[in-house]
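Step one of this worksheet: look at the structure below.
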Amino acid sequence: MVRILVVEDEAVLARALRRGLQAEGFAVDVAPDGETGLRLALEGDHDVVVLDLMLPRRSGIDVLRTMRHEEVWTPVLVLSARGTDDDVTHGLDVGADDYLPKPFAFSVLVARLRALLRRGAPPRPAVLQVGTLTLDPASREVRQDGRDVELTTRETALLEQLMRRPGEVLTKIELRDHVWDAVGDDLNVVEVYVSYLRRKLGREAIETVRGVGYRVVGR
Amino acid sequence: MRGGWSLRLRLTLAAAGLTGIALVVGALLLTTVVSQSRIAATDAVLSGTAEQVSALVAEDRVPPVLAADEPGEVVQLVDASGRVVATSPNASRTLPVLAPAALRETPDGAATRDDAAYGSGPVRVLVDTVPTGERVVTALPLDTIEGALDALRLSLGVVVPLLTLALGLVTWVVLGRALRPVEELRAGAARVSDVGGPGTLPVPAAQEIAALARTLNAMLDRLDASAQRQSSFVADAAHELRSPIAALRTSLEVARAHPEAYEDAELTADLEHEVIRLQELVDDLLVLARVGAAPLEVRDVDLAGVARAAAGEVEVRGEGRAVVDPSAVGRVVRNLVDNARRFARDRVVVEVRDGVVTVDDDGPGIAAPDRERVFERFTRLGSARGRDSGGTGLGLAIAREIAREHGGDVTLGDSELGGLRATVTLPVPGSGG
């Protein structure tokens, strides 16, 4: 049975969600504040979390950030009365998988929850990390050993591509097709940019696998 | 602009006009004084000559040719019949200065005449009677004086308009400079009102106008801050309204999709709860919008009575009076008592004395640093004071605004009961408030 955690401080809405989701065939746990919500979420036996942002004792954003930091990848759908573009952007960038402003249609909520459940819960870190190297795709900040590294947009895109599949070897063609818009025959551009990245991050940051391509390995 | 004439033009015209008038009056006075002093000098010359002649007559040594002091001066001695007895060389014995008939009617003394036989234009004539009955007539044409006066009048006629014009130009230019900051200020104000938002006016160097600009800028800043407060309040209000609406909508949608999902009476209780919350919120928003909008109807009231009516079953101790609007102050007490009851463990006490109401509870209290913050609209402190603990987040804001409208205040402190003490101060009878 699919198990849903609802973190919502408003008793009436929480009850409506519990009754409605139970009727839709889900098992539902309700947490009335951020602290309880985080504790239940970290136990990790839920398939999806419905999270309010304005919560007593611990904010929803804080719950979300802590979950991702603790490598709990349960899909999170944020429900919030704060529905401006900035609010939505922030919520998603912190690690939410979906964002639904209040008031919402219950049928839409259920459909979105089903969509999240289809995707499963693979690790989807908001901030990519391989060894001591981190990359935040939202802010485009790259850090190595805790120090900021200045990269161009293209260099960041190339590094992101490699860091999304750490330890895996990516061919030059794959990298070229995903990082450069214009697909040409010239694969040298990949070599050139790999050399730029090595200059800034150190030789060992990107390994060359002879005859195949490149990979990033955590140290 | 009124009348279509700019301030600059009006001031310039006034300055130039007044200066022109002053210059003309001055010129007239100058010519008068000059001509009078010249005539006085002429008279002195004439009477000197006449005295000399009468001295000669008295000594009976009248020469056939009389001497005159000034060039152009004519002197004649005329007997009673009008015949010229002696004359200066520049006149004829047969042509008296004044015709005998005219001379007879002329008393002794000096006068300016046009009927003298010598000189062109006005002539100053002095007649004197010597003891023998003969008369001395001396005359000096005034044309030299007139010439000098004409020259003076001409130069004034040219100088006065030129001076007036020059002054007008200078005034025009100086006023233009002086008024430029006003124009800059106006342009700045136009820019601010065009964008319809915050902005600052240029502060010119001129002291008075700089002060005006600074005052206007301070006003703009205050208006801007108040507009921002207002718009963030509206955003907060919308947000607060959205929560009960979301709860209502979801409850209704779940109930419609799954009529069996709710237990008996559970749904109606939930809906009622949310509708009451919406109603309280809307009521409080309206109260807040009305504070200060209508004049208070204050009168000397029994404060304890007002507090008792507002506090419901909570005990009210003490007696006191205050000069207030009883329904508004009732609202203040009710909000504070509601707040206290929400957080009290089991005791709420209201105490009244003249102009003061205190509401004590034995709840958790509020930490000193947070005590001002809770008066802000929609502030709810975290932890226990969550949204579902009730209240709209406007109660304290309303209480303080009403108290301040009366000239009093609401403050928070520690209660002897261990929780929070809210103190309302209000004007008392005789305080003039």
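For all residues, glycine too, the Cβ spot is worked out from N, Cα and C.
What TrEMBL says about this protein:
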DOMAIN    A:3-117  domain 'Response regulatory'
MOD_RES   A:D52  4-aspartylphosphate
DOMAIN    A:125-218  domain 'OmpR/PhoB-type'
DNA_BIND  A:125-218  DNA-binding region
For the domain 'Response regulatory' (A:3-117), what is the mean per-residue pLDDT, to the nearest integer? 91
Restricting to the same chain and to sequence separations of six or more, state which residues have a Cβ under 8 Å from that of A:D52 (4-aspartylphosphate). A:V7, A:E8, A:D9, A:E10, A:G60, A:V78, A:L79, A:S80
Within the domain 'OmpR/PhoB-type' (A:125-218), how many residues are helix, strand or coil going by DSSP? 37 helix, 24 strand, 33 coil
Per DSSP, what is the helix/strand/coil residue tally across the domain 'Response regulatory' (A:3-117)? 55 helix, 24 strand, 36 coil
